[in-house]
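Asker: Reproduced below are the annotations present in TrEMBL:
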DOMAIN    58-149  domain 'DZIP3-like HEPN'
DOMAIN    256-420  domain 'Novel STAND NTPase 3'
REPEAT    855-887  repeat 'ANK'
REPEAT    888-920  repeat 'ANK'
REPEAT    921-953  repeat 'ANK'
REPEAT    954-986  repeat 'ANK'
REPEAT    987-1019  repeat 'ANK'
REPEAT    1020-1052  repeat 'ANK'
REPEAT    1053-1085  repeat 'ANK'
REPEAT    1086-1118  repeat 'ANK'
REPEAT    1119-1151  repeat 'ANK'
REPEAT    1152-1184  repeat 'ANK'
REPEAT    1185-1217  repeat 'ANK'
REPEAT    1218-1250  repeat 'ANK'
Amino acid sequence: MATKEERNFMTVRLALDKPCTNLLQEVLRQYVPEKDIHILLNDPAKKPNIIPFLRKLKKENTLYPQTGVFNGSYADFDLSLLYVLIRNLTGIPNHTTGWGNAPDNLDNSTAANIERIRLLRNKYSHASTSHLTDKELNKERKNIISCIHGIERTLHLNSTQFEDAAEAIFKAAKEREDFGENLTKCQDEIRTIQKRQVEHENHLLKKTEEMQGNILTVYERLDELEKPLEKTTRILQETKFEKSIFRQWQEDDEFFISTKAAENVRKMVETNNLVIVTGHSGSGKSAIIQHIALQYRGRGWIVKPVYSFKEIHETCKSENFEKGSHIFVFNDPIGKESYDEMSYNAWVRYRETLHLLIKRAKLLLTCRSLIVSDKRATGFFEQKLGELGINEQKFVKVDIDDNHCRLTTDEKKSMLKKHLPHEKPTEKELNQICKIHMYFPLLCKLCRSELIQKRNIVDVFKEPANVLETEIKKYKTKDKEVYCGLVCLILSKNDLSLSDLKNNYAFFSKTLKMCELPDYILPSTIIDKLKPLCGFLVKNNGEKYSFYHDFVMEVTTYVCGSDHPEEILDFADVSFLRKRVSVEKRKSNDPFTIVLEHQHIEKLVNRLIKELIGDRFIEVILSPCLRNKHVISCVKNHLNDLSRNGKLESITKPQKTNTENKAFEHDMNDSLYTRLQFVSSMVEISPLFALITFCHDELSEYCLNLLKTNENRLWNKLSAFLMNSFRKRAADFKKKSLFPAICANGNKDFLQMFTDDEIVECKNIKWNNMYPIHIISVFHNYHISDNVIKEDTNLDIFTTDKNAMTPLLLASGNKAQERGCKNERKGKSTDSTSRNKTVERLIVSGAGVNACNRKGQSPLYKACQNGYESTAKLLLDNKAVVNVCDNNGNSPLLAACYNGHESTAKLLLVNGADVNLCNNKGNSPLLLACYNGHESTAKLLLENGADVNLCNQNGDSPLFKACFNGHESTAKLLLENGADVNLCNESGDSPLLIACYNGHESTAKFLLVNRATVNLCNKIGFSPLLLACQNGHENTANLLLVNDADVNLYNEKGDSPLLAACYNGHENTAKLLLVNGADVNLCNKNGKSPLFKACYNGHESIAKLLLFNGADLNLCDKNRIKPLSVACYNGHESTTKLLLVNGADVNLCDKNGISPLWLACYNGHESTTKLLLENGADVNLCNKNGDSPLFNACFNGHESTARLLLVNDAEVNLCNESGKSPLFTACYNGHESTAKLLLVNGADLNLCDKKGISPQQIACQNGHKISFNLA
């Protein structure tokens, strides 16, 4: 019979032969499936390296059989063969000492653990003795389990099967040894238990009866508590898709550089609920708002990435929506490459919900500058007069490309260094790169890719489109599978997954053919080809792939679309065709528009006709291609075909618009009511209705004639009775389905379809919330108004929505049509002409010139608000009241001045407008004109007696408002007219202070020249210098210092200008302050020094500057927390190193006994922890509660940090004052892998806290299912 030591030896052999071998088989299988291994074995680059090993192992014939292709199973491979194959075929990175060598003790890579298993196997296969003591057995058990655990967790399996199998072997061996000893002991314990059981049986029965009632009550109470708890849990749960998005954001955020623009946006988000970040493509808009959103997520906010306004609407309607806890992130809401009318219309549809939302949650948007500036985007989230007070900042736009925010050369250099730390451009190259502005942040990201690093970096920045185009074209010839993946991504609307390709065989087959690939290529092969492109051309969220950036998508789309126009026309989404395809070259086309050759137009028309009679007909009607003469001609031919085949009626069949009736109730109150909003205001309309509405006159007339011809043919075949019935249906169709469209179109020829009697009937038919007279008025179709206005027509009839408007209000306020109709084109009527003629016709016919809507706005107000001077004159000539105000006290003059309509304001003043008439919040016309920088309007008002120092309810003067936005020339005008340069508002903010806060240097200089008090602080002690430094406005700060600003003047909290600059990372500003005598160790009231603040945020260069200027590195705050501690707490490794090099005490604790190492471990900052340990940090130094660094790391599940501490002799069973061990706290929070690590390193499983609760018990109590057996 074998001895115990021999059995120990055999146990280790068995663990190595079974679980370890099976594990390495799985490793090889995951990297190289059995069906693919023959490809790698016959790879000319790999075969010479493999053959010598196989011959040595006598396995050459196994892997290179006579058939030439290995078709066996990895299950037959032993550990030695597996090691050779893994080393040479999988591509697993080398460990630090290289394959075939003993790995470094701190190396926990997959390769290192595989190497350790090989060495252990060799040790026990060739050992000179077969004896192993219990102590040696326990040591080898830890080694084997640690290796298996390290490898297994990289395989992303759903179980720990190999680790469990190994543990089972050791456990079975131990159980065999313990069985004999335990048997006698168990028998004695059983007898004792039986005796006690008899003694307590009656007592327990009695108590049980008493407890049953109590237990029932407890269970009922638990049920009550669990319901809201479950609900809260659901609210806080993020979807799998959202988590994958956040992981992508976090990966990108690793390379984020805080810039002046980013800081400006951050501040705006703090104080405003709606922030739109604008800038050109690739300027870093998305990176900024995603960075901010992640910060809010860390603070407990519910962050919702959204891709449509409907998503926001649905979230707001859900019962889980919580006030003040949501932040929505939405990129490109009204168009990616250019303004998109359909997307804008979606915003209009949900605008009311969104305006309510921004009172309760935050909404972060990005938008390209060219889209925001597009006239068609007028009104997009614009704050209207009277909606919010001028100081109630809920909405703000931040242009990150303006002179104030655009990237500086230093920021560009920092960005380049962060993304390309190993790139060493020459000074000349660096200067060339930094001169580039377009796409700079994006290009830094793209240059990280190995696929683009081979190119000259200067070329990438100078000609990014050409570089990308060359790269994509290379794939077309040299790697067609990659090219195919990109084509699939384009045709799937930038949203592609493996299941999409599997479920659409026809689409996938066509794409393979298009890319000249054989049809046996699998969808998985194409998807696998996209993976190496992640971070360059594509990105993935979970199983979904999309283009890395809009710019990348535009270039790729242009290349593929230009090469394969017919396939694009067949398979691309119809919205893609509308936005990206053109049939003629125009100056307005962006450089990535796909321009079709003449021979492809017929193919385009085939697709357009197919969609025109489907549910996406609006996309077709909005397509610019449909206005091309050749396209129109081809469409006519197809309409003829439809007519001959009896299918033309499909164009008159109503289709759903997917909108709610009430979605557009408030639209007519705005100054731009579009045709798209008009057609979208009904649940169903026909394609013909939309054609007429959008003034496709030639096609509309052609359709109507074809329908008329078909109708006549049918009538000739019908009996008299059926003819009358059919005629009645045809008349009803015209009245209900075509008359409103003709009123919107304005073409008189179309009205000839109707008799006078039919028109009389139609004028009383309501279209959604409007009657025909409203439709004619809002689209300024004055030339058909006489046909509709009769003696009995009520010209002051209101629309039936909640923002009831009269025809005159609509005509006076709405911008004229974006495209003139047939009659308008003949006369080349201007915008104002059509509007004025419509207004004149209404007034002449008896419309009330002073009839207001429910907001109290008159026709004159609407005209003045939009600067329609001639319309305003026409109204005034017809006795419009000049000073009639709306419900918020806004007069026509105030509305005109707010928007800078000078000539309109002059007209009003000539007609008796009150120049100082303020609204309900005390805002005067002059104040609003100055706020928006309308200098000439302000001058006009002053010349007409405006009070230059008239303040609003918050005490803001016109000068204050002009300085707030940096309108220097307006400020100069006000001062020349007697404005008080030091007049403060109710918060004590002076004009100089607000100018410095926003970095308006020239405005500040002008104020100082005009005797502004340089050290005048507001009510909480903020000086102009402090605010300038806080925001990093270096030039403004220098100006103030030159003008005798107190460099050490601090606010009520004791924050000095230097402290504020250091906290926010403004190095140049800090340097300026130090040169001007700032006290480097001046602390605030909490004892925090400038160095403390700099280290807290990891501003290493500033910390270095402060130390050079004599900062005390061990100066603690009131809680005895020092700079080193906060640097470690936030994981700022380089800052920590700087402090240690300069002599910081590595073991200096705060008043709670918390050391720098303790803080680094608490947050899992492994590299910082390693640095501290290398510099003598006490690995077992506990706080006042007895919590050790290891305890902290385990509490938060920082496994790698815990492993580092254990390697550095951390006590694995060191308990705190409550008796809780590191294992206890890991189990308490359900950190399974951390618990296993501790057990492998000797943690006592039965070590209970002072209440007698074991790790196993606390895990169960907290609902954590630990997969390993704690007993």
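We count from 1, first residue shown onward.
Every residue, even glycine, has its Cβ placed from backbone N, Cα and C.
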Asker: Under an 8 Å Cβ to Cβ limit, what residues of the same chain, 6 or more beyond the ends of the repeat 'ANK' (1218-1250), are close to it?
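Answerer: Non-local partners: 142, 145-146, 149, 153, 163, 1185-1186, 1188, 1190-1191, 1193-1199, 1202-1203, 1206, 1212, 1256, 1258-1259, 1262-1264, 1266-1268, 1270.
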Asker: Which residue counts does DSSP yield for the repeat 'ANK' (1218-1250) in the helix, strand and coil classes, in that order?
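Answerer: Its residues fall into 16 helix, 0 strand, 17 coil.
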Asker: Using DSSP, break the repeat 'ANK' (1053-1085) down into helix, strand and coil residues and give each count.
Answerer: 16 helix, 0 strand, 17 coil
Asker: Who are the long-range neighbours of the repeat 'ANK' (921-953) in its own chain, taking Cβ under 8 Å and residues 6 or more past its ends?
Answerer: 385, 389-390, 888-889, 891, 893-894, 896-902, 905-906, 909, 915, 959, 961-962, 964-965, 967, 969-971, 973-974, 977-980, 983, 985
Asker: Using a Cβ-Cβ cut-off of under 8 Å, list the residues of the same chain that are 6+ residues beyond the ends of the repeat 'ANK' (1020-1052) and lie near it.
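Answerer: Residues 260, 263-264, 267, 988, 990, 992-993, 995-1001, 1004-1005, 1008, 1014, 1058-1061, 1063-1066, 1068-1069, 1072-1073, 1076-1079, 1082, 1084.
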